[in-house]
């Protein structure tokens, strides 16, 4: 995996200005920026094509990104909540100390450090807060929320697809558990974390491929079918929800709704450093992302059934 791209001629300047080394921009950040630029190119064109107001595209993108970052961090904190606020011998209370000390309890996950670090992002938190932020913006300016969300779907799909490539290339850890299946690219030997060299499911690439397929579907076919208003948005909720639900069966994630006994190492601190962690891991219950996926699927299906969104408009309105 390639975590960063070195820029040798900038390192001396960075060291002179900030008195520290700089290894170069992260591949994750670069691909996230490419995803943002791609979306910023497509969205105003789609708004204009639909006879909406393209001048809102910049704010929609910026608020979408801001909401994504805020929500992804908040959901990550919820995900590791029981690793932050724990009874620790020698310390008074399990809530006050983590709230008043940046690094929290010694040897434990910290609240503030994780909240403001560059890592630790939960997709569905970002997805929900991103939609919330742009919806509040559209509500404030009295825009047609359903039409604008329809217009944003292709940009959301391509942005997510490129962003997931960043997860894979940088080796940020959102991989699957070990497998003996041999499928080029979809299974790879992970060297970015412990245990090194274990063949695992390449879940970031799997999600990226699926999201690229969604983009092609919405960009080159569905948007030209004259579906009823919000059909595109509702379809995306259902399709993306199903995709995420299924991929999560291959990922290493904590089960918030367990259905069977957990793997032997799952509740041991720093278990990922044990070579047997990934090889003995298995899906043992629904994760936070899977529960949110089910809710999103149901929401999308509700709108499709309630408004009969499989039907097409009688006359073109775009």
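Glycine residues also receive a Cβ, built from the backbone N, Cα and C atoms like all the rest.
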**OP:** Could you tell me which of the ranges 24-44, 87-107 is annotated in Swiss-Prot as transmembrane segment?
**Re:** 24-44
**OP:** Using Swiss-Prot as the reference, determine which range in 115-135, 136-156 is annotated transmembrane segment.
**Re:** 115-135
Original post:
Thinking of Cβ pairs under 8 Å, which stretch from 24-44, 115-135, 198-218 has the most of them with the transmembrane segment (60-80)?
Top reply: 115-135
